[in-house]
Amino acid sequence: MTKINILGASGHAKVIVDIIQRNGQEVGYVFDDNPAVSSFLGHTVLSRLEKEQLYAFPLVLAIGKNCTRRAVSLSLDDVAFTQPLIHPSAIVSELAHIGKGTVVMPGAIVNAGAFIGEHCIINTGAVIEHDCILHDFVHISPNAILAGGVEVLPETQIGMNASVIQNVTIGAHSIVGAGSVVIEDIPDHCTAVGVPAKPIKLHKSVF
């Protein structure tokens with residue numbers, strides 16, 4: 001039975017554990033940087049300093065915050081990350097590409113021609129339509145919908161129940177608020193909300 005290590009002991013990690021088990025795989029070791037977290041779903045939580053265990057099995061990052069997920073991945077550039085973890089109830093086209101470390105949650109749909117980068121989160125019930133491009137470390141929140149040909153640049157999050165019309169580009173390090181409807185391009189380092197979505201705040205640095 002294939003074993004997979006998990007870095008991050010949170011609610012997000014619980015869903016990842018469920019995906020691993022439903023795919024007939026097994027959790028290897030669980031790691032977290034918070035010394036106050038000692039156990040998780042029956043597993044003893046280890047520090048990343050436990051190198052022998054850290055390198056024992058492929059690793060998935062159970063970290064919801066995009067910039068933190070990226071920073072941790074860069075600090076572990078010699079670790080073997082897992083192939084995509086896809087919940088059995090998700091519908092993923094054989095004509096789609098999904099990068100290593102990406103997690104596809106229950107009920108999500110990824111259609112033909114979609115390209116999803118590394119260490120992304122395609123959350124519960126999200127829809128990624130044909131020919132979308134999602135760069136690394138993107139998070140598509142529950143029930144968000146991307147129409148065909150949408151491009152989402154690195155480390156951006158699309159909020160719950162947000163909708164993005166076809167052929168729109170969402171900039172890097174940006175946030176689209178929950179329930180928003182995006183009908184035009186959104187710039188980098190921006191929070192956009194509303195119907196239609198409009199920028200309300202620019203971020204001076206990566207959040």
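In case you wondered, yes, glycine gets a Cβ from its N, Cα and C as well.
TrEMBL lists Ser10, Gly11, His12 as binding substrate, and of Gly28, Gly42, Gly64, Gly99 the one it places in that same site is Gly64. Within 10 Å of the C-beta of His139 (acetyl-CoA binding site) there are 24 other C-beta atoms, taking all protein chains into account.
When the recorded positions Gly11, Gly64, Asp131 are ranked by how far their Cα is from the Cα of His139 (acetyl-CoA binding site), Gly64 comes first. The number of other CB atoms found within 10 A of the CB of His12 (substrate binding site), across every protein chain shown, is 18. Non-local neighbourhood of His130 (active site, proton acceptor): Asn111, Ala112, Gly113, Ala114, Gly148, Gly149, each in the same chain, at least six residues away, with C-beta under 8 Å from its C-beta.
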